[in-house]
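Structure, as structure tokens:
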Amino acid sequence: AFLLIFFSELGDKTFFIAALLAARNSAAVTFIGTFGALSFMTFISVVLGRTFHYVDEILPFKFGTGLPIDDLAAVCLLVYFGVSSLVDASSSDNRKADEEQKEAEVAVSEVSGSGAGILAAANTAATTFLLVFVAEWGDKSFFSTIALAAAATSSPVGVVAGALAGHGIATLLAVVGGSFMGTFLSEKLISYIGGSLFLVFAAVTLIEIV
């Protein structure tokens, strides 16, 4: 969970949003709002994943020789994100990262500065929370967490802990050194690593259920 979420978030729209907001407001306030939204989204994803897993256990039918639907769905999601990440990495341009950054810039342009005082900081944290929550809904890391939580062999506590750690470190890197990473960190390398990890964990999950 940590590896998948960490490499999914690096260079993602949420990463750019946190970096841009931290450049205009307090880094601490930006981190609180961003990480709060990502944590809330993580719990929602895990609940959805485990719900799908428990529903699958009471279904009156199974595929083939009893392969669980929840695990098969998790494998399919992991393979999809793995292949799509590798395809993006192998493209000759860097349009994916540019699109993510432009979308983040548009979203952040509507957020006012934090100003001074506790109330202003709270308002900025709340605005950041809502902005990141909306941006993260339906994102790669959102469905990745659902897939991990849905797998019968996974521990929901482990998924939550790993995902929160991945989100936390990625967010910290964004608010502290987002511009530095954007300059010196290769988007292609991140995509290659992330895509490979998705495929590796898809293979591991498939081996465990077969």
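Note that the numbers count up from 1, one per residue, in the order the chain is shown.
Glycine is treated like the rest: Cβ placed from N, Cα and C.
According to TrEMBL, the transmembrane segment annotation covers 27-52, 72-90, 111-135, 155-177, 189-207.
Long-range contacts of the transmembrane segment (27-52) within the same chain, counting only residues at least 6 positions beyond its ends with a Cβ under 8 Å from a Cβ of the stretch, are 14, 17-18, 21, 70, 73-74, 114, 121, 124-133, 136-137, 142-143, 145-151, 156, 159-160, 163-164, 167-168, 171-172, 174-176. Among residues of the same chain six or more beyond the transmembrane segment (155-177), those with a C-beta under 8 A of the stretch's C-beta atoms are 1-6, 8-10, 14-16, 18-19, 21-22, 27, 30-31, 34-35, 38-39, 42-43, 45-46, 49-50, 141, 145, 148-149. Sequence-remote contacts of a segment are chain residues at least 6 beyond its ends whose Cβ falls under 8 Å from one of its Cβ atoms, and for the transmembrane segment (189-207) they are 3-4, 7-8, 10-11, 71, 74-75, 78-79, 81-86, 88-89, 96, 144, 148, 151, 153.
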